[in-house]
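Visitor: Can you read through this structure? Questions will come right after.
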Amino acid sequence: MDKIVAVVGAGYVGLTTAAGMAHLGHRVVCVDIDEQKIDRLRHNHVDLAEPNLPELVARYLRHGRLSFHTRLEHAVPAAATVFLCLPTPASPEDAVDMHAIDTVTHRLATLARPDSTIVVKSTVPPGTNRRLTDLLQRDDVTLVSNPEFLREGSSLHDFLNPQRIVIGAHCSAAAHHVAQLYATDAPVLTTDPISAEMIKYATNSYLAMKLAYSNTLAELCEHTGANITDVLTGIGHDSRIGASYLRPGPGWGGPCLPKDTRALLAIGNATGCDIPLLRAALEANAHHQRRVVKIVEHALHRQLAGCHIGVLGMTFKPGTNDLRDSPALPITTMLAARHAHVHAYDPGLSTPVAGLTDHLTLTTSAAEALAGCDLALLLTDWPEFASLPWNSLAARMRGNIVVDTRNQLDPTYLAEAGLHVRALGSPLPDLPAVRTA
Ligand SMILES: NC(=O)C1=CN([C@@H]2O[C@H](COP(=O)(O)OP(=O)(O)OC[C@H]3O[C@@H](n4cnc5c(N)ncnc54)[C@H](O)[C@@H]3O)[C@@H](O)[C@H]2O)C=CC1
Ligand SMILES: O=C(O)[C@H]1O[C@H](OP(=O)(O)OP(=O)(O)OC[C@H]2O[C@@H](n3ccc(=O)[nH]c3=O)[C@H](O)[C@@H]2O)[C@H](O)[C@@H](O)[C@@H]1O
(Lines of atoms letter the chains of each structure in order from A and count residues from 1; the text may use other names and numbers.)
(Lines give C-alpha, C1' and ligand atoms only; values in the text may rest on other atoms or scores of the structure.)
(Ligands and ions follow the chains in the order given, each with its own letter.)
Protein backbone atom coordinates (compact mmCIF):
# COMPACT_ATOMS: atom_id res chain seq x y z
CA MET A 1 0.00 0.00 0.00
CA ASP A 2 1.30 3.39 -0.99
CA LYS A 3 1.14 6.54 1.03
CA ILE A 4 -2.21 8.34 1.22
CA VAL A 5 -3.36 10.33 -1.80
CA ALA A 6 -5.84 13.17 -1.19
CA VAL A 7 -8.05 14.46 -4.01
CA VAL A 8 -9.72 17.83 -3.56
CA GLY A 9 -12.83 18.28 -5.73
CA ALA A 10 -15.13 15.36 -6.60
CA GLY A 11 -16.31 16.44 -10.06
CA TYR A 12 -15.45 14.84 -13.41
CA VAL A 13 -11.70 15.09 -12.92
CA GLY A 14 -11.60 14.67 -9.13
CA LEU A 15 -13.87 11.66 -8.84
CA THR A 16 -12.16 9.98 -11.78
CA THR A 17 -8.73 10.69 -10.25
CA ALA A 18 -9.90 9.38 -6.87
CA ALA A 19 -11.37 6.14 -8.26
CA GLY A 20 -8.48 5.73 -10.71
CA MET A 21 -5.81 6.20 -8.03
CA ALA A 22 -7.65 3.71 -5.77
CA HIS A 23 -7.69 1.29 -8.72
CA LEU A 24 -3.92 1.74 -9.09
CA GLY A 25 -3.52 0.55 -5.51
CA HIS A 26 -3.35 3.79 -3.53
CA ARG A 27 -5.37 4.67 -0.47
CA VAL A 28 -7.42 7.72 -1.44
CA VAL A 29 -9.27 10.34 0.57
CA CYS A 30 -11.50 12.59 -1.53
CA VAL A 31 -12.83 15.96 -0.33
CA ASP A 32 -15.54 18.24 -1.71
CA ILE A 33 -17.37 21.21 -0.19
CA ASP A 34 -20.64 19.98 -1.67
CA GLU A 35 -22.03 18.13 1.35
CA GLN A 36 -24.93 16.64 -0.59
CA LYS A 37 -22.58 15.24 -3.23
CA ILE A 38 -20.31 13.71 -0.58
CA ASP A 39 -23.28 12.22 1.26
CA ARG A 40 -24.51 10.65 -1.97
CA LEU A 41 -21.03 9.36 -2.83
CA ARG A 42 -20.71 7.78 0.62
CA HIS A 43 -23.92 5.92 -0.24
CA ASN A 44 -22.62 4.79 -3.63
CA HIS A 45 -24.53 7.36 -5.69
CA VAL A 46 -22.41 8.70 -8.54
CA ASP A 47 -24.25 11.45 -10.42
CA LEU A 48 -21.88 11.52 -13.41
CA ALA A 49 -22.84 9.45 -16.45
CA GLU A 50 -19.34 7.97 -16.74
CA PRO A 51 -18.93 4.31 -17.74
CA ASN A 52 -17.50 2.08 -14.96
CA LEU A 53 -17.02 4.97 -12.52
CA PRO A 54 -19.92 3.99 -10.20
CA GLU A 55 -18.67 0.39 -10.11
CA LEU A 56 -15.13 1.43 -9.20
CA VAL A 57 -16.31 3.89 -6.56
CA ALA A 58 -18.52 1.18 -5.00
CA ARG A 59 -15.72 -1.39 -5.09
CA TYR A 60 -13.09 0.75 -3.37
CA LEU A 61 -15.54 2.23 -0.87
CA ARG A 62 -16.32 -1.34 0.14
CA HIS A 63 -12.62 -2.25 0.32
CA GLY A 64 -12.02 0.83 2.48
CA ARG A 65 -9.42 2.10 0.00
CA LEU A 66 -11.52 5.15 -0.90
CA SER A 67 -13.32 7.51 1.46
CA PHE A 68 -15.21 10.79 1.06
CA HIS A 69 -15.02 13.88 3.25
CA THR A 70 -16.33 17.41 3.39
CA ARG A 71 -13.52 18.99 5.35
CA LEU A 72 -9.93 19.43 4.21
CA GLU A 73 -8.63 18.96 7.76
CA HIS A 74 -10.07 15.42 7.81
CA ALA A 75 -8.22 14.39 4.67
CA VAL A 76 -5.20 16.50 3.85
CA PRO A 77 -2.89 16.35 6.93
CA ALA A 78 -2.19 12.61 6.45
CA ALA A 79 -1.67 12.78 2.69
CA ALA A 80 1.73 12.57 1.00
CA THR A 81 0.17 13.80 -2.23
CA VAL A 82 -2.73 16.23 -2.68
CA PHE A 83 -4.37 16.47 -6.11
CA LEU A 84 -6.26 19.71 -6.76
CA CYS A 85 -9.16 18.99 -9.13
CA LEU A 86 -11.05 22.20 -8.57
CA PRO A 87 -13.13 24.22 -11.02
CA THR A 88 -11.47 27.00 -12.99
CA PRO A 89 -14.45 28.52 -14.82
CA ALA A 90 -14.36 31.57 -17.03
CA SER A 91 -14.69 34.82 -15.17
CA PRO A 92 -16.89 37.52 -16.74
CA GLU A 93 -14.03 39.01 -18.75
CA ASP A 94 -12.96 35.53 -19.95
CA ALA A 95 -9.91 35.37 -17.74
CA VAL A 96 -9.84 32.38 -15.42
CA ASP A 97 -11.68 32.37 -12.11
CA MET A 98 -9.08 30.99 -9.68
CA HIS A 99 -11.16 31.46 -6.54
CA ALA A 100 -11.48 27.76 -5.60
CA ILE A 101 -7.79 27.00 -6.23
CA ASP A 102 -6.61 30.05 -4.30
CA THR A 103 -8.94 29.36 -1.34
CA VAL A 104 -7.83 25.76 -1.01
CA THR A 105 -4.12 26.60 -1.48
CA HIS A 106 -4.46 29.15 1.30
CA ARG A 107 -5.82 26.42 3.61
CA LEU A 108 -3.11 23.96 2.54
CA ALA A 109 -0.50 26.42 3.77
CA THR A 110 -1.39 25.30 7.30
CA LEU A 111 -2.84 21.83 6.61
CA ALA A 112 -0.33 20.21 4.22
CA ARG A 113 1.92 17.53 5.68
CA PRO A 114 5.65 18.32 5.80
CA ASP A 115 7.41 17.07 2.64
CA SER A 116 4.13 16.52 0.80
CA THR A 117 3.50 17.22 -2.89
CA ILE A 118 0.57 19.30 -4.12
CA VAL A 119 -0.41 18.42 -7.67
CA VAL A 120 -2.51 20.87 -9.69
CA LYS A 121 -4.68 18.87 -12.11
CA SER A 122 -7.07 21.72 -12.84
CA THR A 123 -6.54 23.71 -16.04
CA VAL A 124 -4.79 26.88 -14.86
CA PRO A 125 -3.11 29.82 -16.61
CA PRO A 126 0.63 29.63 -17.25
CA GLY A 127 2.38 31.11 -14.24
CA THR A 128 -0.06 29.67 -11.69
CA ASN A 129 2.48 27.27 -10.17
CA ARG A 130 4.80 30.16 -9.37
CA ARG A 131 1.95 32.25 -7.97
CA LEU A 132 0.61 29.43 -5.79
CA THR A 133 4.11 28.62 -4.51
CA ASP A 134 4.29 32.22 -3.26
CA LEU A 135 0.82 31.92 -1.73
CA LEU A 136 1.70 28.65 0.00
CA GLN A 137 4.94 29.91 1.60
CA ARG A 138 6.04 26.37 2.54
CA ASP A 139 9.63 25.44 1.67
CA ASP A 140 8.94 21.83 2.66
CA VAL A 141 6.00 21.37 0.24
CA THR A 142 6.43 21.03 -3.54
CA LEU A 143 3.86 22.24 -6.04
CA VAL A 144 3.66 20.27 -9.27
CA SER A 145 1.59 20.95 -12.38
CA ASN A 146 0.01 17.83 -13.88
CA PRO A 147 -2.74 18.76 -16.36
CA GLU A 148 -5.46 16.25 -17.14
CA PHE A 149 -6.50 15.29 -20.69
CA LEU A 150 -9.49 12.99 -20.05
CA ARG A 151 -12.69 13.39 -22.05
CA GLU A 152 -16.16 13.27 -20.61
CA GLY A 153 -18.01 10.09 -21.40
CA SER A 154 -14.77 8.08 -21.26
CA SER A 155 -13.15 9.72 -18.25
CA LEU A 156 -12.05 6.58 -16.43
CA HIS A 157 -10.80 4.87 -19.57
CA ASP A 158 -8.81 7.97 -20.53
CA PHE A 159 -7.41 8.35 -17.01
CA LEU A 160 -6.24 4.74 -16.87
CA ASN A 161 -4.96 4.74 -20.47
CA PRO A 162 -3.35 8.15 -20.91
CA GLN A 163 -1.62 9.03 -24.17
CA ARG A 164 0.94 10.94 -22.14
CA ILE A 165 1.49 12.21 -18.63
CA VAL A 166 2.71 15.80 -18.43
CA ILE A 167 4.46 16.81 -15.23
CA GLY A 168 5.66 20.34 -14.67
CA ALA A 169 8.06 20.56 -11.75
CA HIS A 170 11.20 22.37 -10.72
CA CYS A 171 12.23 19.42 -8.57
CA SER A 172 12.96 16.11 -10.31
CA ALA A 173 12.26 14.07 -7.14
CA ALA A 174 8.73 15.51 -6.99
CA ALA A 175 8.23 14.84 -10.71
CA HIS A 176 9.37 11.24 -10.22
CA HIS A 177 7.07 10.85 -7.20
CA VAL A 178 4.03 11.96 -9.24
CA ALA A 179 4.99 9.84 -12.27
CA GLN A 180 5.26 6.65 -10.23
CA LEU A 181 1.75 7.15 -8.79
CA TYR A 182 0.35 6.50 -12.29
CA ALA A 183 2.26 3.24 -12.84
CA THR A 184 1.82 3.66 -16.60
CA ASP A 185 3.68 2.73 -19.77
CA ALA A 186 2.56 6.00 -21.38
CA PRO A 187 5.27 8.55 -22.17
CA VAL A 188 5.97 10.83 -19.24
CA LEU A 189 6.97 14.33 -20.27
CA THR A 190 8.66 16.34 -17.55
CA THR A 191 8.82 20.09 -18.10
CA ASP A 192 9.01 23.27 -16.12
CA PRO A 193 5.61 24.12 -14.54
CA ILE A 194 4.77 27.02 -16.86
CA SER A 195 5.23 24.84 -19.96
CA ALA A 196 3.05 22.08 -18.47
CA GLU A 197 0.32 24.63 -17.80
CA MET A 198 0.63 25.91 -21.36
CA ILE A 199 0.48 22.38 -22.86
CA LYS A 200 -3.06 21.95 -21.53
CA TYR A 201 -4.41 25.17 -23.10
CA ALA A 202 -2.43 24.56 -26.28
CA THR A 203 -3.99 21.09 -26.65
CA ASN A 204 -7.60 22.15 -26.16
CA SER A 205 -7.20 25.20 -28.38
CA TYR A 206 -5.60 23.12 -31.12
CA LEU A 207 -8.55 20.69 -31.03
CA ALA A 208 -10.92 23.66 -31.22
CA MET A 209 -9.10 25.07 -34.27
CA LYS A 210 -9.06 21.67 -35.97
CA LEU A 211 -12.81 21.27 -35.42
CA ALA A 212 -13.50 24.81 -36.63
CA TYR A 213 -11.51 23.99 -39.77
CA SER A 214 -13.50 20.77 -40.36
CA ASN A 215 -16.76 22.70 -40.07
CA THR A 216 -15.44 25.38 -42.43
CA LEU A 217 -14.53 22.70 -44.96
CA ALA A 218 -18.04 21.27 -44.62
CA GLU A 219 -19.50 24.65 -45.54
CA LEU A 220 -17.06 25.02 -48.43
CA CYS A 221 -17.99 21.56 -49.72
CA GLU A 222 -21.64 22.59 -49.86
CA HIS A 223 -20.69 25.54 -52.07
CA THR A 224 -18.25 23.71 -54.34
CA GLY A 225 -20.01 20.38 -54.68
CA ALA A 226 -17.25 18.36 -53.01
CA ASN A 227 -18.17 15.64 -50.52
CA ILE A 228 -17.02 16.42 -46.97
CA THR A 229 -16.74 12.80 -45.86
CA ASP A 230 -14.36 12.01 -48.70
CA VAL A 231 -12.43 15.26 -48.21
CA LEU A 232 -11.90 14.64 -44.48
CA THR A 233 -10.99 11.01 -45.06
CA GLY A 234 -8.53 12.19 -47.66
CA ILE A 235 -6.79 14.69 -45.44
CA GLY A 236 -7.00 12.47 -42.34
CA HIS A 237 -4.84 9.80 -44.01
CA ASP A 238 -1.97 12.26 -43.94
CA SER A 239 -0.16 11.40 -40.72
CA ARG A 240 0.88 15.02 -40.36
CA ILE A 241 -2.82 15.86 -39.97
CA GLY A 242 -4.32 12.72 -38.44
CA ALA A 243 -7.87 11.43 -38.73
CA SER A 244 -9.29 12.38 -35.33
CA TYR A 245 -11.30 15.51 -34.53
CA LEU A 246 -12.30 15.95 -38.14
CA ARG A 247 -16.00 15.04 -37.90
CA PRO A 248 -18.13 18.08 -38.75
CA GLY A 249 -20.94 19.05 -36.43
CA PRO A 250 -23.15 21.91 -35.31
CA GLY A 251 -20.16 23.58 -33.63
CA TRP A 252 -17.89 22.30 -30.88
CA GLY A 253 -18.80 22.77 -27.24
CA GLY A 254 -18.57 21.34 -23.75
CA PRO A 255 -17.21 22.64 -20.47
CA CYS A 256 -13.61 23.02 -21.63
CA LEU A 257 -12.88 23.55 -25.34
CA PRO A 258 -14.76 26.89 -25.57
CA LYS A 259 -13.70 28.05 -22.08
CA ASP A 260 -10.03 27.19 -22.57
CA THR A 261 -9.84 28.67 -26.08
CA ARG A 262 -11.35 31.93 -24.82
CA ALA A 263 -9.02 31.84 -21.80
CA LEU A 264 -5.90 31.38 -23.92
CA LEU A 265 -6.96 34.29 -26.10
CA ALA A 266 -7.42 36.42 -22.95
CA ILE A 267 -4.12 35.20 -21.49
CA GLY A 268 -2.39 36.17 -24.73
CA ASN A 269 -4.03 39.58 -24.77
CA ALA A 270 -3.01 40.20 -21.15
CA THR A 271 0.60 39.57 -22.12
CA GLY A 272 0.34 41.80 -25.19
CA CYS A 273 0.15 38.86 -27.60
CA ASP A 274 -2.81 38.93 -29.97
CA ILE A 275 -3.86 35.48 -31.26
CA PRO A 276 -6.01 35.98 -34.38
CA LEU A 277 -6.07 32.22 -35.01
CA LEU A 278 -7.97 31.58 -31.77
CA ARG A 279 -10.32 34.50 -32.34
CA ALA A 280 -11.09 33.10 -35.78
CA ALA A 281 -11.80 29.63 -34.35
CA LEU A 282 -14.26 31.09 -31.84
CA GLU A 283 -15.93 33.30 -34.46
CA ALA A 284 -16.14 30.35 -36.87
CA ASN A 285 -17.83 28.30 -34.15
CA ALA A 286 -20.51 30.93 -33.54
CA HIS A 287 -20.94 31.20 -37.33
CA HIS A 288 -21.45 27.44 -37.67
CA GLN A 289 -24.12 27.47 -34.97
CA ARG A 290 -25.95 30.26 -36.83
CA ARG A 291 -25.51 28.31 -40.06
CA VAL A 292 -27.48 25.37 -38.65
CA VAL A 293 -30.43 27.71 -38.12
CA LYS A 294 -30.11 28.95 -41.71
CA ILE A 295 -30.03 25.35 -42.98
CA VAL A 296 -33.27 24.66 -41.09
CA GLU A 297 -34.85 27.78 -42.60
CA HIS A 298 -33.70 26.78 -46.08
CA ALA A 299 -34.98 23.23 -45.62
CA LEU A 300 -38.41 24.50 -44.65
CA HIS A 301 -38.44 27.03 -47.49
CA ARG A 302 -39.88 29.61 -45.11
CA GLN A 303 -39.80 31.61 -41.93
CA LEU A 304 -39.64 29.58 -38.76
CA ALA A 305 -42.46 31.32 -36.90
CA GLY A 306 -45.09 28.78 -35.89
CA CYS A 307 -43.09 25.77 -37.13
CA HIS A 308 -42.57 22.76 -34.90
CA ILE A 309 -38.97 21.52 -34.77
CA GLY A 310 -38.23 18.13 -33.19
CA VAL A 311 -34.67 18.17 -31.82
CA LEU A 312 -32.68 15.00 -31.20
CA GLY A 313 -29.84 15.58 -28.72
CA MET A 314 -29.09 18.53 -26.46
CA THR A 315 -25.85 17.50 -24.69
CA PHE A 316 -22.55 18.68 -26.17
CA LYS A 317 -21.71 15.12 -27.14
CA PRO A 318 -23.18 11.65 -26.56
CA GLY A 319 -22.53 9.64 -23.41
CA THR A 320 -22.87 12.57 -21.02
CA ASN A 321 -25.62 14.56 -19.32
CA ASP A 322 -23.48 17.70 -19.49
CA LEU A 323 -25.06 20.71 -21.20
CA ARG A 324 -22.29 23.22 -20.47
CA ASP A 325 -21.56 25.26 -23.61
CA SER A 326 -23.44 22.72 -25.73
CA PRO A 327 -23.99 24.07 -29.26
CA ALA A 328 -27.59 22.84 -28.95
CA LEU A 329 -28.31 25.65 -26.46
CA PRO A 330 -27.61 28.63 -28.75
CA ILE A 331 -29.10 26.81 -31.75
CA THR A 332 -32.42 26.00 -30.03
CA THR A 333 -32.45 29.48 -28.48
CA MET A 334 -32.11 31.02 -31.97
CA LEU A 335 -34.92 28.78 -33.27
CA ALA A 336 -37.16 29.80 -30.37
CA ALA A 337 -36.27 33.48 -30.90
CA ARG A 338 -37.65 33.08 -34.42
CA HIS A 339 -40.87 31.81 -32.80
CA ALA A 340 -40.43 28.15 -33.73
CA HIS A 341 -41.81 25.62 -31.24
CA VAL A 342 -38.92 23.41 -30.16
CA HIS A 343 -39.49 19.93 -28.73
CA ALA A 344 -36.28 18.18 -27.71
CA TYR A 345 -35.27 14.71 -26.63
CA ASP A 346 -31.92 13.68 -25.20
CA PRO A 347 -31.18 10.18 -23.88
CA GLY A 348 -28.86 11.65 -21.22
CA LEU A 349 -31.45 14.01 -19.76
CA SER A 350 -34.05 12.05 -17.85
CA THR A 351 -34.89 14.68 -15.26
CA PRO A 352 -36.00 18.29 -15.81
CA VAL A 353 -33.08 20.63 -16.37
CA ALA A 354 -33.09 24.10 -14.84
CA GLY A 355 -33.18 26.88 -17.42
CA LEU A 356 -33.56 24.52 -20.38
CA THR A 357 -37.34 24.49 -20.53
CA ASP A 358 -37.61 28.28 -20.86
CA HIS A 359 -37.29 28.08 -24.62
CA LEU A 360 -38.16 24.47 -25.43
CA THR A 361 -40.18 21.48 -24.30
CA LEU A 362 -38.03 18.62 -23.07
CA THR A 363 -39.69 15.30 -23.93
CA THR A 364 -38.93 11.78 -22.75
CA SER A 365 -38.68 10.02 -26.11
CA ALA A 366 -37.75 10.63 -29.74
CA ALA A 367 -41.31 9.73 -30.72
CA GLU A 368 -42.68 12.46 -28.46
CA ALA A 369 -40.18 15.07 -29.70
CA LEU A 370 -40.88 14.34 -33.37
CA ALA A 371 -44.67 13.96 -33.13
CA GLY A 372 -46.28 16.53 -35.43
CA CYS A 373 -42.99 18.27 -36.20
CA ASP A 374 -42.35 20.05 -39.49
CA LEU A 375 -38.67 19.10 -39.40
CA ALA A 376 -36.41 16.89 -37.31
CA LEU A 377 -33.01 18.32 -36.31
CA LEU A 378 -30.30 15.97 -35.05
CA LEU A 379 -27.75 17.89 -32.93
CA THR A 380 -25.98 15.24 -30.83
CA ASP A 381 -24.73 11.94 -32.24
CA TRP A 382 -26.14 9.57 -29.64
CA PRO A 383 -25.60 6.13 -31.27
CA GLU A 384 -29.23 5.10 -30.70
CA PHE A 385 -30.48 7.81 -33.09
CA ALA A 386 -29.13 5.86 -36.08
CA SER A 387 -31.32 2.87 -35.27
CA LEU A 388 -34.52 4.63 -34.27
CA PRO A 389 -37.69 3.16 -35.83
CA TRP A 390 -37.67 5.82 -38.54
CA ASN A 391 -40.66 4.27 -40.33
CA SER A 392 -43.00 4.84 -37.43
CA LEU A 393 -41.38 8.19 -36.59
CA ALA A 394 -41.95 9.40 -40.16
CA ALA A 395 -45.62 8.53 -39.83
CA ARG A 396 -45.87 10.73 -36.73
CA MET A 397 -44.04 13.70 -38.29
CA ARG A 398 -45.89 16.39 -40.22
CA GLY A 399 -42.90 17.25 -42.41
CA ASN A 400 -40.50 14.88 -44.16
CA ILE A 401 -37.06 16.47 -43.69
CA VAL A 402 -34.37 15.52 -41.22
CA VAL A 403 -31.42 17.90 -40.80
CA ASP A 404 -28.52 15.76 -39.59
CA THR A 405 -25.75 18.02 -38.27
CA ARG A 406 -23.54 15.04 -37.34
CA ASN A 407 -23.78 13.14 -40.64
CA GLN A 408 -24.81 10.17 -38.56
CA LEU A 409 -27.97 8.92 -40.26
CA ASP A 410 -28.15 6.63 -43.28
CA PRO A 411 -30.03 8.63 -45.96
CA THR A 412 -30.98 5.43 -47.81
CA TYR A 413 -32.54 3.88 -44.71
CA LEU A 414 -34.47 7.06 -43.98
CA ALA A 415 -35.52 7.41 -47.62
CA GLU A 416 -37.29 4.04 -47.26
CA ALA A 417 -39.35 5.75 -44.55
CA GLY A 418 -40.09 8.63 -46.93
CA LEU A 419 -37.71 11.03 -45.20
CA HIS A 420 -35.14 13.29 -46.85
CA VAL A 421 -31.88 13.77 -44.99
CA ARG A 422 -30.06 17.08 -45.24
CA ALA A 423 -26.51 16.33 -44.02
CA LEU A 424 -23.69 18.83 -43.48
CA GLY A 425 -21.06 19.24 -46.13
CA SER A 426 -22.87 17.72 -49.06
CA PRO A 427 -23.92 19.89 -51.98
CA LEU A 428 -27.20 21.60 -51.15
CA PRO A 429 -29.87 19.17 -52.35
CA ASP A 430 -32.98 20.29 -54.14
CA LEU A 431 -35.16 19.48 -51.18
CA PRO A 432 -38.67 18.34 -51.99
CA ALA A 433 -41.63 20.52 -51.30
CA VAL A 434 -42.28 20.39 -47.59
CA ARG A 435 -44.93 17.90 -46.64
CA THR A 436 -47.54 19.39 -44.42
CA ALA A 437 -50.67 17.86 -43.02
N1 LIG B 1 -14.51 18.02 -17.21
C2 LIG B 1 -13.50 17.60 -17.92
O3 LIG B 1 -13.67 16.77 -18.82
C4 LIG B 1 -12.11 18.09 -17.68
C5 LIG B 1 -11.86 19.18 -16.84
N6 LIG B 1 -10.57 19.63 -16.67
C7 LIG B 1 -10.28 20.73 -15.75
O8 LIG B 1 -10.31 20.18 -14.42
C9 LIG B 1 -10.84 21.13 -13.50
C10 LIG B 1 -12.05 20.55 -12.80
O11 LIG B 1 -13.04 20.31 -13.77
P12 LIG B 1 -14.31 19.39 -13.47
O13 LIG B 1 -13.91 18.19 -12.72
O14 LIG B 1 -15.01 19.24 -14.77
O15 LIG B 1 -15.16 20.35 -12.53
P16 LIG B 1 -16.50 20.01 -11.75
O17 LIG B 1 -17.25 21.27 -11.68
O18 LIG B 1 -17.15 18.79 -12.32
O19 LIG B 1 -15.98 19.60 -10.28
C20 LIG B 1 -15.36 20.47 -9.40
C21 LIG B 1 -15.68 20.04 -7.97
O22 LIG B 1 -14.94 20.86 -7.06
C23 LIG B 1 -15.77 21.13 -5.93
N24 LIG B 1 -15.28 22.31 -5.22
C25 LIG B 1 -15.43 23.63 -5.57
N26 LIG B 1 -14.81 24.41 -4.65
C27 LIG B 1 -14.26 23.58 -3.72
C28 LIG B 1 -13.51 23.79 -2.54
N29 LIG B 1 -13.19 25.02 -2.14
N30 LIG B 1 -13.12 22.71 -1.82
C31 LIG B 1 -13.46 21.46 -2.22
N32 LIG B 1 -14.18 21.20 -3.33
C33 LIG B 1 -14.57 22.25 -4.08
C34 LIG B 1 -17.16 21.30 -6.53
O35 LIG B 1 -18.17 21.11 -5.53
C36 LIG B 1 -17.16 20.21 -7.61
O37 LIG B 1 -17.67 18.98 -7.10
C38 LIG B 1 -11.11 22.39 -14.31
O39 LIG B 1 -9.96 23.19 -14.26
C40 LIG B 1 -11.29 21.86 -15.72
O41 LIG B 1 -10.98 22.84 -16.69
C42 LIG B 1 -9.50 19.02 -17.25
C43 LIG B 1 -9.69 17.93 -18.07
C44 LIG B 1 -11.00 17.38 -18.35
O1 LIG C 1 -10.11 19.86 -20.85
C2 LIG C 1 -11.12 19.18 -20.96
O3 LIG C 1 -12.12 19.29 -20.26
C4 LIG C 1 -11.23 18.13 -22.02
O5 LIG C 1 -11.84 18.76 -23.18
C6 LIG C 1 -12.07 17.87 -24.27
O7 LIG C 1 -12.91 16.80 -23.90
P8 LIG C 1 -14.51 16.93 -23.83
O9 LIG C 1 -14.88 18.30 -23.41
O10 LIG C 1 -14.97 15.78 -23.02
O11 LIG C 1 -15.06 16.81 -25.30
P12 LIG C 1 -14.56 16.23 -26.70
O13 LIG C 1 -14.84 14.79 -26.82
O14 LIG C 1 -13.18 16.67 -27.00
O15 LIG C 1 -15.57 17.01 -27.67
C16 LIG C 1 -15.61 18.43 -27.66
C17 LIG C 1 -16.59 18.94 -28.68
O18 LIG C 1 -16.11 18.69 -30.00
C19 LIG C 1 -17.11 18.04 -30.78
N20 LIG C 1 -16.44 17.15 -31.76
C21 LIG C 1 -15.46 16.30 -31.37
C22 LIG C 1 -14.81 15.51 -32.30
C23 LIG C 1 -15.17 15.61 -33.65
O24 LIG C 1 -14.59 14.94 -34.55
N25 LIG C 1 -16.15 16.47 -34.01
C26 LIG C 1 -16.80 17.25 -33.10
O27 LIG C 1 -17.69 18.05 -33.47
C28 LIG C 1 -17.95 17.29 -29.77
O29 LIG C 1 -19.23 17.02 -30.29
C30 LIG C 1 -17.97 18.29 -28.62
O31 LIG C 1 -18.95 19.27 -28.81
C32 LIG C 1 -10.72 17.28 -24.70
O33 LIG C 1 -10.94 16.33 -25.74
C34 LIG C 1 -10.04 16.57 -23.52
O35 LIG C 1 -8.76 16.07 -23.91
C36 LIG C 1 -9.87 17.58 -22.39
O37 LIG C 1 -9.28 16.95 -21.26
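Every residue gets a Cβ built from N, Cα and C, even glycine.
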Visitor: Please state which member of Lys294, Lys317 TrEMBL lists alongside Phe149, Leu150, Arg151, Glu152, Lys200, Tyr245, Leu246, Arg247, Pro248, Gly249, Gly253 for binding substrate.
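Guide: Of Lys294, Lys317, Lys317 joins Phe149, Leu150, Arg151, Glu152, Lys200, Tyr245, Leu246, Arg247, Pro248, Gly249, Gly253 in the substrate site that TrEMBL records.
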Visitor: Measure from each Cβ of the recorded positions Thr88, Thr123, Lys200, Cys256 to the atoms of ligand 1 and list the residues where some distance is under 6 Å.
Guide: Thr88, Thr123, Cys256
Visitor: Please identify which of Arg151, Lys259 has the densest Cβ environment, defined as other Cβ atoms within 10 Å, among these binding-site residues.
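Guide: Buried the deepest by this measure is Lys259.
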Visitor: Return the member of Asp32, Thr88, Cys256, Lys259, Arg324 nearest to Phe149 (substrate binding site) in space, with distance defined Cα to Cα and candidates limited to these recorded positions.
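Guide: Spatially nearest to Phe149 (substrate binding site) by Cα position is Cys256.
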Visitor: Pop the Cα-Cα gap between Cys256 (active site, nucleophile) and Thr88 (NAD(+) binding site) into the table, whole Å please.
Guide: 10
Visitor: Find the shortest Cα-Cα separation between Asp32 (NAD(+) binding site) and the recorded positions Leu246, Pro248, Cys256, and name the residue that gives it.
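Guide: Among Leu246, Pro248, Cys256, Cys256.
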Visitor: Can you list which of the binding-site residues Asp32, Lys37, Thr88, Pro248, Lys259, Arg324 have their Cβ under 6 Å from some atom of ligand 2?
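Guide: None, by Cβ distance under 6 Å.
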